[in-house]
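Enquirer: First the structure, which I've put down as structure tokens, then a few questions once you've had a look.
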Amino acid sequence: SKTISKCYVQVTGMTCASCVANIERNLRREDGIHSILVALMAGKAEVRYNPAVIHPAAIAELIRELGFGATVMENCGEGDGILELVVRGMTCASCVHKIESTLMKTNGVLYCSVALATNKAHIKYDPEAIGPRDVIQVIQDLGFTTSLVKKDRSASHLDHKQEIRQWKRSFVVSLVFCIPVMGLMIYMMVMDSQLSDAHTHHNMSREDMETLHSSMVLEYQLLPGLSVMNLLSFLLCVPVQVFGGWHFYIQASRALRHNTANMDVLVVLATSIAFLYSFIILLVAMAERAKVNPVTFFDTPPMLFVFISLGRWLEHVAKGKTSEALARLISLQATEATIVTLGPDNVLLSEEQVDVELVQRGDIVKVVPGGKFPVDGRVIEGHSMVDESLITGEAMPVTKKPGNTVIAGSINQNGSLLISATHVGADTTLSQIVKLVEEAQTSKAPIQQFADKLSGYFVPFIVAVSVVTLFAWIVIGFVDFEIVEKYFLGYNKSISAAEVIIRFAFQASITVLCIACPCSLGLA
């Protein structure tokens with residue numbers, strides 16, 4: 001007998017089912033080509049040919065002549081079927097060995113491993129030679145009960161409801177506390193500018209300035225060193241830090257455990273340091289009974305958290321929309337199929353209901369009026385109208401007669417059809433669409449990967465810069481104290497010069513951290 005070889009050709013430029021039909025029709029006429037199957041969504045053709053007459057490169061060339069792009073795919077392992085089974089009734093290692101050795105002897109089984117502890121069998125097979133039902137039959141003949149590992153058809157892993165809820169909560173909490181903090185800040189700025197105007201116009205004496213300063217309600221000191229403004233900011237900041245920042249802290253700790261620094265680490269660093277520094281400065285001011293209120297950064301964390309949690313929330317809402325569409329797609333898949341055995345002259349001998357996963361290539365499947373097509377296939381017998389709008393968007397039902405192709409997930413309308421399965425399992429058009437959408441969801445946009453990579457270098461870089469700032473100012477301060485004195489607001493003669501320098505240096509380095517941290521990278 002002639003040897004038949006099989007090759008896969010990647011085909012580009014196919015737009016619709018007529019392209020597929022065109023390629024299949026033209027190639028079937030060629031000498032040495034036994035059969036050809038083209039999958040539109042996967043963009044590949046599986047060709048069985050006689051190597052004595054024709055070779056894969058020539059086949060690809062034939063497809064190119066029809067006006068499509070075609071390259072021969074090297075790794076032909078693509079065609080392996082994979083089967084996950086639950087096997088009950090195994091008692092010891094010899095059962096495992098019995099199943100494995102019997103299966104490996106079976107023609108068409110490429111690989112098989114059975115785990116006693118989990119009762120699972122993992123089998124790779126060649127769909128040309130054998131199908132899932134045959135494998136199950138082999139195991140059952142050995143006296144074990146087997147069933148398919150039930151696939152989760154609900155697409156629950158694509159559900160973003162929980163994340164949407166959590167980021168929305170995060171955003172709302174941060175926003176509620178951020179608005180008053182912002183209000184306080186703007187009020188302070190306005191008052192400050194009025195003060196400085198008054199100062200420039202009237203050359204007020206220092207004492208007058210201070211009376212004006214302390215006359216401002218917010219600057220009023222409840223305790224020495226603790227102003228109303230700072231107390232309010234502190235109280236508003238705590239809940240944001242705890243509730244708004246909760247998820248950031250969790251994610252940042254995970255990242256640090258794996259020795260990576262991502263955007264979450266930056267956000268957490270900036271907010272925590274701003275918060276702790278402000279808190280410590282307040283305590284110090286209270287301990288010193290300072291006359292002038294210290295400069296705090298309590299406004300930084302709430303605002304950062306607001307922007308970033310808003311971003312995350314929107315991102316998950318967008319993802320949720322895609323997932324909804326995907327879940328609907330997945331729900332189009334039929335769960336069962338009716339397989340029939342035909343006698344001579346297409347006489348029905350028997351029929352049985354099986355799981356869709358168990359349909360093998362070449363099986364004859366019966367689809368009744370109103371039923372869904374479980375797999376892609378070709379009509380053998382019967383005439384009907386088929387609603388393919390779910391897949392193609394075409395509103396009008398399409399006429400199907402023997403020789404036409406049908407798509408899994410479309411709905412049969414008025415006549416009963418017998419179809420021969422051409423693409424089953426993960427190769428059906430519907431599965432391919434689902435797979436493409438899933439991949440699009442899980443893969444990051446190139447720019448996003450770039451941002452993540454950058455932030456890996458960015459975090460240590462910013463931290464280093466702020467540390468450098470800290471030491472630089474300490475050095476400058478000890479070398480030339482005048483500069484620090486000029487820029488350090490509320491320099492109080494009662495504090496030692498060293499303390500002033502260190503405080504100023506800290507203030508400068510924290511400012512660097514807070515400003516550089518959340519940077520546009522993270523927000524974007």
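Yeah, the Cβs are placed from backbone N, Cα and C, and that goes for glycine too.
According to TrEMBL, the protein has these features:
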{"type": "DOMAIN", "residues": "5-71", "note": "domain 'HMA'"}
{"type": "DOMAIN", "residues": "81-147", "note": "domain 'HMA'"}
{"type": "TRANSMEM", "residues": "171-190", "note": "transmembrane segment"}
{"type": "TRANSMEM", "residues": "222-244", "note": "transmembrane segment"}
{"type": "TRANSMEM", "residues": "265-287", "note": "transmembrane segment"}
{"type": "TRANSMEM", "residues": "457-479", "note": "transmembrane segment"}
{"type": "TRANSMEM", "residues": "500-523", "note": "transmembrane segment"}
Enquirer: Take the transmembrane segment (171-190) and find every residue of the same chain, 6 or more past its ends, with a Cβ under 8 Å from one of its Cβ atoms.
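Expert: Residues packing against the transmembrane segment (171-190) from afar: 218, 229, 232-233, 236-237, 239-240, 243-244, 298-299, 302-303, 305-306, 309-310, 313.
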Enquirer: With DSSP as the yardstick, break the domain 'HMA' (5-71) down into helix, strand and coil residue counts.
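Expert: Per DSSP, the residues of the domain 'HMA' (5-71) fall into 22 helix, 24 strand, 21 coil.
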Enquirer: Take every residue in the domain 'HMA' (5-71), average their pLDDT values, and give the whole-number result.
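Expert: A mean pLDDT of 87 is what the model gives the domain 'HMA' (5-71).
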Enquirer: I'd like the per-state residue tally for the domain 'HMA' (81-147) from DSSP, helix first, then strand, then coil.
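Expert: Result for the domain 'HMA' (81-147), in helix, strand, coil order: 23 helix, 24 strand, 20 coil.
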